[in-house]
Amino acid sequence: MTSSVLVLNSGSSSVKYSVVEPDSGATVADGIVERIGDSADVPDHGAALDVVFAALAEDGHHLDALGLVAVGHRVVHGGPDLYRPTAVDDDLIARLKELAPLAPLHNPPAILGIEVARKALPDLPHIAVFDTAFFHDLPAAAATYAIDSEIAERWHIRRYGFHGTSHQYVSEQAAEFLGVPAASLRQIVLHLGNGASASAIVGGRPVETSMGLTPMEGLVMGTRSGDVDPGILTYLFREAGMSVEDIETMLNRRSGVRGLGGEIDFRVLHQRIAAGEAAAQLAYDVYIHRLRKYIGAYLAVLGGADVITFTAGVGENDALVRRDALSGLGAFGIEIDEHLNDSPGRAARRISPEGAPTTVLVVPTNEELAIARACAGVLGGGHGDR
Ligand code: ADP
């Protein structure tokens, strides 16, 4: 039987699951259980896991026949010390609970997901894979906020970066696609999904990324603001009578493209722009403007890019966003071939003209496979190398 890994990504109201074969890279089954806590059917994460098992069985995948060798858990925040894929034990759960204040929206549901999965599958190793891992060794100049250093140290405030599993996977795939070692490349990776982040990578190691202490910094996202003047927070707190929770909810859930244009899905946003909705146009313009600012900044950080890669829901599917993000950058060796850019595809593909100084790629991300491989690395006695 081929060995496989059950990968779980537990959010506050949903659990995404995949059964992945780390060796072949094949996804045997995947799906999502949504609206946890919303209905009597799925009151909590334990019930959600039962739904996962039932869905697998319905598709003919009985647990015993899947050849599961591990359960891999995506954990958003590893804090200052956790970054290698780590086998879960009671001590690790306790450490994750201590870290929860650093990622109040993301880590508590991941811990719940781990706890219920350990109960349901006690005989399998459970392995935590951290979204911050790839960026653990960011250069100090990129990782450090210019704030009172004693306070920063006391409260573990640094730029951690997120989506690391995706940035690492996609940058490795880009090198493989080009048939050159990652060690020889200066790369910019643009992970544009509902959450969005950019990274600058030299020789396979990240030197910059747009997210910080939390996944709120950086690019404009589906519902998150990305960069704002921190003065806005203190102003709202002091003058508008908003609580810390109100401000956090606004920045996380009612900002970004939805906050400006009333819509999170770019397919619908484009329709609204075509229908002449000024708010939708402004949302798009702010999104593109921020993205271009980051691309420009990373070109300066890197001294030019050999590869720029788009990934995740928007990056993989939205040709207009790709075109507008990189238009007018010919002077920097960056060009897009309109025909290649407009041709849809599922696989990794080049969208810059042949021979252009900077190769522009679209590479589908596969965080589940990367997590499954990290788990296999732990089981194999290595540390998974991430
Ligand atoms: P998440 O961050 O939740 O994992 P994804 O990477 O799946 O998100 O991206 C989801 C987003 O991708 C959607 O909200 C939508 O804006 C965008 N998207 C998906 N398909 C398309 C498409 N065909 N064209 C444009 N945008 C798309």
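The backbone N, Cα and C atoms fix where each Cβ goes, and this holds for glycine too.
In TrEMBL this protein carries:
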type: BINDING; residues: Asn9, Glu367; note: Mg(2+) binding site
type: BINDING; residues: Lys16, His191, Leu192, Gly193, Asn194, Gly195, Asp265, Phe266, Arg267, Gly313, Val314, Gly315, Glu316, Asn317; note: ATP binding site
type: BINDING; residues: Arg74; note: substrate binding site
type: ACT_SITE; residues: Asp131; note: active site, proton donor/acceptor
type: SITE; residues: His163; note: site 'Transition state stabilizer'
type: SITE; residues: Arg224; note: site 'Transition state stabilizer'
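Where TrEMBL records a feature, it is marked here on the structure.
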residue	record	Cβ contacts under 8 Å, 6 or more apart
Asn9	Mg(2+) binding site	Val15, Lys16, Tyr17, His73, Arg74, Gly113, Glu367, Glu368
Asp131	active site, proton donor/acceptor	Arg74, Val75, Val76, His77, Gly78, Phe162, His163, Gly164, Thr165
Asn194	ATP binding site	Met221, Gly222, Thr223, Ile264, Gly313
Arg224	site 'Transition state stabilizer'	Gly195, Pro215, Met216, Leu251, Asn252, Arg253, Ser255, Gly256
Asp265	ATP binding site	none
Arg267	ATP binding site	none
Val314	ATP binding site	Leu192, Gly193, Ala196, Phe266, Val321
Glu316	ATP binding site	Phe310, Val362, Val363, Pro364, Thr365
For ligand 1, list the recorded positions among Arg74, His163, Leu192, Arg224, Arg267, Val314 whose CB atom is within a distance below 6 Å of it, in sequence order.
Arg267, Val314
Around Lys16 (ATP binding site), how many other CB atoms lie within 10 A of its CB?
19
Per DSSP, to which secondary structure element type does the residue listed as 'active site, proton donor/acceptor' belong, with helix, strand and coil as the options?
coil
Using a 10 Å radius around its CB, how many other CB atoms surround Leu192 (ATP binding site)?
27
In this structure, the one of the recorded positions Arg74, His163 whose CB has the fewest other CB atoms within 10 Å is Arg74
In Å, how large is the greatest distance between any two Cα atoms among Lys16, His191, Leu192, Gly193, Asn194, Gly195, Asp265, Phe266, Arg267, Gly313, Val314, Gly315, Glu316, Asn317, the listed binders of ATP?
23
Where does Arg224 (site 'Transition state stabilizer') sit in DSSP terms: helix, strand, or coil?
coil
